[in-house]
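Here's what Swiss-Prot has on this protein:
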BINDING   H83, H182  heme b b562 binding site
BINDING   H97, H196  heme b b566 binding site
BINDING   H201  ubiquinone binding site
TRANSMEM  33-53  transmembrane segment
TRANSMEM  77-98  transmembrane segment
TRANSMEM  113-133  transmembrane segment
TRANSMEM  178-198  transmembrane segment
TRANSMEM  226-246  transmembrane segment
TRANSMEM  288-308  transmembrane segment
TRANSMEM  320-340  transmembrane segment
TRANSMEM  347-367  transmembrane segment
Amino acid sequence: MTIIRKKHPLIKIINHSFIDLPAPSNISSWWNFGSLLGLCLIIQILTGLFLAMHYTSDTSTAFSSVTHICRDVNYGWLIRYMHANGASMFFICLFLHVGRGMYYGSYNMIETWNMGIILLFAVMATAFMGYVLPWGQMSFWGATVITNLLSAIPYIGTTLVEWIWGGFSVDKATLTRFFAFHFILPFIITALVFVHLLFLHETGSNNPTGLNSDADKIPFHPYYTIKDFLGVLILLMGLMILVLFFPDVLGDPDNYTPANPLNTPAHIKPEWYFLFAYAILRSIPNKLGGVLALILSILILALLPLLHTSKQRGLTFRPITQTMYWILVADLLILTWIGGQPVEYPFIIIGQMASIAYFAIIVIFMPMAGMIENNILDLD
């Protein structure tokens, strides 16, 4: 078995990636989320495949086909809710994974980090298009509002929006193409995940101290396979509690009403995992400015390696920057809350203050804190 594992051209790739991979001896449970994201992706592809067998991407039958899946298909309700709530678990793991990278300075592995940002954009695009497919009220109006933002692009905006719609409004052509893209993107994401891992294995994993761990490595299997397996059990337990007891808690009741272009919902809002970006978008009165802020709210992650001023890699021994980091986390929670609120006083001003704080903490306060800590510790 050892000979096959180390000599077979295909199996040796798996061996070098998941079995004999040298890993730091001190990585904590915060390093579990990579494997959990892989599990989420597998769950989403499998459940999505079975949903696609019964779904029809036509405006007249899309809503009915989802109802048919839940009522008539064997365990269709389970597959549908696993897919819907699996997306939420995916984003929880994604945010924690990115947060871990920010906390421990993993963004200094620039290729891996940039690949991760591309993956984040791809997953967000996939989730957005998936939300349109059930063709409920929030599906239709969410698609209308978000795609319409592209009309803010000077000169080509309106033409671009109509090209994406396949007509003069969100309609049959839009739904069909969104289904096609929603189906193909997870496979593209899978390919990008392998590139992400390829870049990661060029440098090796970071660790909580932020120091070079070449002198103290242990094999990935069995130590981290068993540790990952515990994470898998916790994730699956959380997902199944959500699916079996609270399947609609993260959804929007409006999406149980079939799409009606003549009736606008009182509050149009995306799924909870986009609310922070949606709040930033709404905080700027100018349409183009809002769209740029929306894109920058994610793209700003690419600037983190340039904004790193500290002589230390992670925040483990940096109390001032730690404080800034946790204020940023609280700020993101406030933005998520604001994104789900109506556009009225006092939510408008809270959203604007939280949006300014979000960019200010990342661009100004965290780099300043890094320099102050260098000074205090005489690391200049």
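In case you wondered, yes, glycine gets a Cβ from its N, Cα and C as well.
Highest Cβ pair count under 8 Å relative to the transmembrane segment (178-198), across stretches 33-53, 77-98, 113-133, 226-246, 347-367: 113-133. Ranking the binding-site residues H97, H196, H201 by Cα distance from H182 (heme b b562 binding site) puts H196 first. With a cut-off of 8 Å between Cβ atoms, the residues of this chain six or more beyond the transmembrane segment (288-308) that come close are 98, 102, 105, 107-108, 110, 113-114, 117, 120-121, 124, 149-150, 152-154, 276-278, 280-282, 355, 358-359, 362-363, 366-367, 370.
Just so you know, of the binding-site residues H83, H97, H182, H201, the Cβ with the fewest other Cβ atoms around it within 10 Å is the one at H201.
In sequence order, T112, M115, G116, L119 make up the list of same-chain residues 6 or more apart from H196 (heme b b566 binding site) whose Cβ falls under 8 Å from its Cβ. Within its own chain, the transmembrane segment (77-98) is flanked in space by residues 30, 33-34, 36-37, 40-41, 43-44, 47-48, 50-51, 66, 69-71, 116, 120, 123, 127, 130, 235, 238-239, 242-243, 247, 250-251, 271-273, 301, which lie at least six positions past its ends and keep a Cβ under 8 Å from the stretch.
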